[in-house]
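Trainee: According to TrEMBL, the protein carries these features:
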| type | residues | note |
| --- | --- | --- |
| COMPBIAS | 59-89 | compositional bias 'Low complexity' |
| DOMAIN | 104-232 | domain 'Casparian strip membrane protein' |
| REGION | 1-23 | region 'Disordered' |
| REGION | 45-100 | region 'Disordered' |
| TRANSMEM | 110-129 | transmembrane segment |
| TRANSMEM | 141-163 | transmembrane segment |
| TRANSMEM | 184-204 | transmembrane segment |
| TRANSMEM | 224-248 | transmembrane segment |
């Protein structure tokens, strides 16, 4: 006897096969039970097409009614999510502080630092070209103050170059406080030294009439460079103080 493939056996409803167990013979399963065993029957193509047509007609009628009432069609979920993300990534106005001209990390700030360093170096060079400036305390103070000013401005100029290369700005309270304190200290020393040198130059030139025996033109040139250096650092003092106060208040 040849082997045959086995077929799955569909067990009929016990309520329907009950008469067969009593000797009446096999009875066909009920149509409902057969349909349940076979699974859902796909609708006819004509019925499906008719249902889709009715659904599209109802959707168009609803859209026309919404437009007639003044309500536009609802945006797609993807477009709505994209718009929400775009609005969420955009910073609200008035939160970020715009860097003013001359602030640390800007081109104008770098130009101001270079101007301060050059003027301070010029004052030191003019005063050091004489051989008798060490005899007066005011001139020694001028050389010391302008040397400190030149070093401070060159250091901040290097920091500004780095900030411009990496495209970053200095808005932290600690950084702005350090810049403001350093500018005010060096600016005060420069102004005091320039004022003292101007007083001594006026005394030698007008009161003692000893310019012929001293280097009065060189002293005057060094004093003028010191005042110009102070004028160059004054805007940085004001801007950095305002930035420091703003950063501390926002912290």
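Count begins at 1; order follows the chain as displayed.
Each Cβ is built from the backbone N, Cα and C atoms, and glycine gets one as well.
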Trainee: If you count every Cβ pair below 8 Å, which range out of 141-163, 184-204, 224-248 shares the most with the transmembrane segment (110-129)?
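Mentor: It is 141-163, which has the most Cβ pairs under 8 Å.
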Trainee: Using Cβ atoms and a strict cutoff of less than 8 Å, what residues sit near the transmembrane segment (224-248) while being 6 or more residues removed from its termini?
Mentor: 97, 100, 102-104, 109, 112-113, 115-116, 119-120, 122-123, 126, 142, 145-146, 149, 153, 171-173, 176-177, 179-180, 183-184, 186-187, 190-191, 193-194, 197-198
